Every structure is written in C-alpha cells, then in structure tokens.
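Taken straight from TrEMBL:
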REPEAT    28-60  repeat 'ANK'
REPEAT    95-127  repeat 'ANK'
REPEAT    128-160  repeat 'ANK'
REPEAT    161-193  repeat 'ANK'
REPEAT    194-226  repeat 'ANK'
Amino acid sequence: MYAVASGQQNSIKQLSQAGADTKTQNDAGESLLHVAIQRGRKEIIYQVLQMNPPIGVTDSHGNTVLHLAATNGLVDVSGELIWQMKSLVKIGNRRHETPLHHAVKAKSVELVRLFLHHEAFAESHDENEKTPLHYAVEVESQEIVELLLDESAAPCSRDKDGKMPLHYAVDLASKGIIQALAESMPSVDAKDKNKQTPLHYAVKSANPEVVQLLLAHKATANTKDRAGKVPLE
C-alpha cells in the first residue's frame, strides 16, 4: 500500500512479481487501486491495474474506484474501469451519489458523455434528493445541463427542499441555463417547500433580466408563497 501511495514504481513491480496481495485494504477501506487513483498518477494506476486487483470494492464511504476517477477527471482511466466492470456506472456510495454525480461536480463534459453512453442513470437522486442536473446547474455548466436534458434528465425533479434545478439557476442568475431549463419544462411556476416559485427567487435577487426572462416564459406574477406574498408585490 505504501509503495502505491508514494508512487514507487520499482517497488510496486517487485511486489507484483513477488505475488503481493492485491485484495488488501487500508483502515479507510481503500484498495490499492483506490489509493493509486486518488494520487492521480496514470502510470501508477495502470501499473496497479496490471496486477489484476478487484475492481468492485468500495471504501468506508461506499466509493468505488470509478467515483474517485470521476472526481479526479480521469477520462481514460474511467473508460478502462468501465470496460472491466460496466456496472460501476450505476453504483451509488453511502450518500447515494453515483459516478455521474461526481463527474458533473468535476465539470467534466467528457466524463458525463462517457457515463451516459454506458447507461448511467441521469435521474439518480443522492441523499439530498439532488440529481446530476441539480449539480450541473450549481457548477454553472450550461453544456452539461443541455447534455443531460438531451439524455432525458427530468428538469422537474425536486430535492429535499422541494427545489427544482430552475430554482438554483435563478438564484445564480445563469440566464443561458434558465433558458434551457424553461424551454424543457411545461411550466416555470414550480413551488419549493415554502411555495416559492422561481419568480419569487428572481425578485428576491433583484435581477430584472431574470424576472423578464421568466415572465417571457409565462411565469405567474400573483402566485402566493407560504407567507402569502406574491413575487411582484
């Protein structure tokens, strides 16, 4: 484990030739491959892969090696891992995050494309009920938002606070993303748990351009929230 963590290629080679146990895990549940991928050095990763380590093991957080590869933006490594074990793209960790969630957070368009090509579920919800589309909005990647929408990601999915991706887009005043989401939704009047619509959010943010954009998509101006307030009051 130390040889992998410290990137000692000669030592790794010697251990491999001596028949070292490739199934070993450290106190955090990390395998040799977890450790190699966390360090991010491709030559070490491929050297460990040549030792035929178990691919599907998870660490103490439930992360597979594909979760870590996605977090680190390792496209080629991710492709190799999927080739060896296709089901990795569908496995959630203890927070119910899939590798697709991690790829979106890393703002890696290439990884998102790769995972979707291998049938990653675009509608997977994490422990906060957020989908990859929620996170694509949060990292303000219009390209990933549009890619997910093209792959039938539901723009009306709600998180634990009742917020749809559009609520977050309005909060961030991401006009291009707002436009993309609004065009894919039957209505922009979705309410969160406080019964506030995206228009309520836009008014609170004092962003007249976003207000006008929502009104252009037929946002209702007199919808009351839980406190009885309407957006344009």
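Cβ coordinates are placed from backbone N, Cα and C, and glycine is handled just like the others.
If you look at the repeat 'ANK' (194-226), the same-chain residues 6 or more away from its ends with a CB under 8 A from one of its CBs are 162, 164, 166-167, 169-171, 173, 175, 178-179, 182-183, 187-188, 232.
If you look at the repeat 'ANK' (95-127), the same-chain residues 6 or more away from its ends with a CB under 8 A from one of its CBs are 61-62, 64, 66-67, 69-73, 75, 78-79, 82, 86, 88-89, 133, 135-136, 139, 141, 143-144, 147-148, 151-154, 157. Helix, strand and coil residue tallies for the repeat 'ANK' (95-127), in that order: 16 helix, 0 strand, 17 coil [DSSP]. Listed by sequence, the residues of this chain that lie at least six past the ends of the repeat 'ANK' (161-193) yet keep a Cβ under 8 A from its Cβ atoms are 131, 133-134, 136-138, 140, 142, 145-146, 149, 155, 199, 201-202, 205, 207, 209-210, 213-214, 217-220, 223, 225. Residue counts for the repeat 'ANK' (194-226) under DSSP (helix as H, G, I; strand as E, B; rest coil) come to 16 helix, 0 strand, 17 coil.
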